[in-house]
Amino acid sequence: MRRSKTRRIFHVSITLLLVSTIFCQNGTKPHNNSTSDQMSSSWSNRSQTMYSNASSLLSDLLLDYDIRLRPGFGGDALLLTMDIIIASFDSISEVDMDYTLTMYLHQYWTDERLRWSNEIPIDEMTLSGEFSQNIWVPDTFLANDKHSYLHEVTERNKMLRINVDGKVAYGMRLTSTLSCSMNLRNFPLDSQNCTVEIESYGYTTSEVLMKWNYPLAVHGVEQADVPQFTITGFHTEDSIVSTATGSYQRLSLVFQLRRSVGYFIFQTYLPCVLIVMLSWVSFWINHEATSARVALGITTVLTMTTISTGVRQSLPRISYVKSIDIYLVMCFVFVFAALLEYAAVNYSYWGRERGKGGGGNEWPVNGANKEDRESAVNVQKWVPSGLMDGVPQPQDRRVEALEEAMSTSNTAAQNNNFESTSKPKKRSSSPIPPLCRAGNTISEESESPDYPRYSTTSLKGARPHASLNHKTHHLKGRSSARAKRRMTLARMNVSMKQSISGIGRRARKVIPTIRVRDVNLIDKYSRVVFPVCFIVFNLFYWSYYMMVPS
């Protein structure tokens, strides 16, 4: 009985415990909901309080704030520290002497007017960039800037952060094109130093002191990739710049850049080498193939000129000589020398052939004016053609024969006039009837080496014609004067040719004549000399410019 009673009591107690537990759980749910509502309500009230506190705090901070005055006005100089984060190197231009850089610029200073009490539960406030218009900010600028702009996607990339102790952090993201004075004497095997120069525009060193935020003054340089360059290092500098308005603090970030020559090897150097080697092909072409060798030489020369023009257009117009100019000029010299080599071969070959054939060119007698040219025609009418052929020749024998012929002609004319008074003349009135024909053509008898014989027979009983004799005398006198002037010109040409011949003989005595028996030897030697000289030039060129300090 006792056991059964004890079991009943145990079961009843267990049942009551379970029922009480269930009721307790059901009773706590409404209590938890009310607690969460109370917490959310408290957070909302607290947030509203903080918003109101922050708004009132900013209003209180700006209540008596004068943005025209720097922090610590009238006291010690304001310490302004800054750091830079490099986002990217966009481009570098040798023509414009500048480079484009995207960076984050952060500036830090302390403004006592922006402090607030520690009792306010706000330790730091991050504000938009527009708030910077309500407080004093440094008048920082980039001294070597050409063109800069702030990014505005999706909002204006400016940031302002204020701490409880009055410390201000002011940051912005900008892209700037900065000038970079380059020394291109070793281009494209050169190294350059490009800088970012930061300076205060209006505040002197007595009002604002600028310092780098060491040890983390510059970030992101190792991850930056520069087109056609390799960043070998960087360092920061600070200096004081004195101008007419005072002394200003300047912070400089110097990038040490070395140009990558791979682009120029494939763009300039390798084509030049191939063109020079192409010019050597003419040494294996027969020297009688004039059109082929000349066309090849001219093509290589024009190609080198085109490459040189393209390189000059990608560089600024500077007065000093660059290393790439030396290489292009030497390649042009090698190509042009290959063309001159064929000129030497051609001259040697055809000069020898002409020497074997003999003969030479005769010098023409140049008339001084129109009157002299007319006198030459008149002389040909009255002087035998064999003698006239000798006038333009440089030999003294023919000139003397011409003079003797003219004197004989004058004597014959006088005899003919004397005989005409007693004997009748023939039909022809010319004093030299056997030598002339109709149409002013010279008789073939004039080619005889003997002097001409004039006829003295005339018709008996015929009366002389005075008018004809008068015209004949006048014509012969004028022709004789012109013939003498013509002979004077012939003597001048003879003396000129003799003088030039004498100079040539003296020059040949002084300068030894190089005679090549086989013109193919010039091509054979050129096949070796040209490549060897070009290889030696390249060894000296690359050894010097790869080792010389830029």
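Cβ coordinates are placed from backbone N, Cα and C, and glycine is handled just like the others.
The annotation N-linked glycosylation site is assigned in Swiss-Prot to ASN26 (among others) on the grounds of sequence analysis.
The N-linked glycosylation site annotation in Swiss-Prot covers ASN32 (among others) and rests on sequence analysis.
The annotation N-linked glycosylation site is assigned in Swiss-Prot to ASN33 (among others).
Among the features that Swiss-Prot reports, N-linked glycosylation site is placed at ASN45 (among others).
Counting Cβ atoms from all protein chains shown, ASN53 (N-linked glycosylation site) has 16 others lying within 10 Å of its own Cβ. Taken from Swiss-Prot, the feature N-linked glycosylation site applies to ASN53 (among others).
Taking a C-beta cut-off of under 8 angstroms and a sequence separation of 6 or more, ASN193 (N-linked glycosylation site) has the following same-chain neighbours: VAL254, PHE255, GLN256, LEU257. Annotation source Swiss-Prot lists N-linked glycosylation site at ASN193 (among others).
The region 'Disordered' annotation in Swiss-Prot covers 405-465.
The signal peptide annotation in Swiss-Prot covers 1-24.
The topological domain 'Cytoplasmic' annotation in Swiss-Prot covers 345-527.
For the transmembrane segment (265-285), same-chain residues at least 6 beyond its ends with a Cβ under 8 Å from one of its own Cβ atoms are 188, 292-293, 296-297, 300, 303-304, 307, 311, 324, 327-328, 331, 334-335, 338-339, 341-342, 523, 526-527, 530-531, 534. Annotated transmembrane segment per Swiss-Prot: 265-285 (among others), in sequence order.
Panel annotation: around the transmembrane segment (292-311), residues 268, 271-272, 275-276, 278-279, 281-282, 285, 324, 328, 331-332, 335-336, 338-339, 342 of the same chain, lying at least six beyond its termini, place a Cβ under 8 Å from a Cβ of the stretch. According to Swiss-Prot, the transmembrane segment annotation covers 292-311 (among others).
Annotated transmembrane segment per Swiss-Prot: 324-344 (among others), in sequence order, evidence recorded as sequence analysis.
Residues or ranges marked as transmembrane segment in Swiss-Prot: 528-548 (among others). Residues 186, 189, 276, 280, 283, 323, 326-327, 330, 334, 337-338 of the same chain lie 6 or more positions beyond the ends of the transmembrane segment (528-548) yet place their CB under 8 Å from a CB of it.
Annotation note: ASN193 (N-linked glycosylation site) sits in a strand segment as assigned by DSSP.
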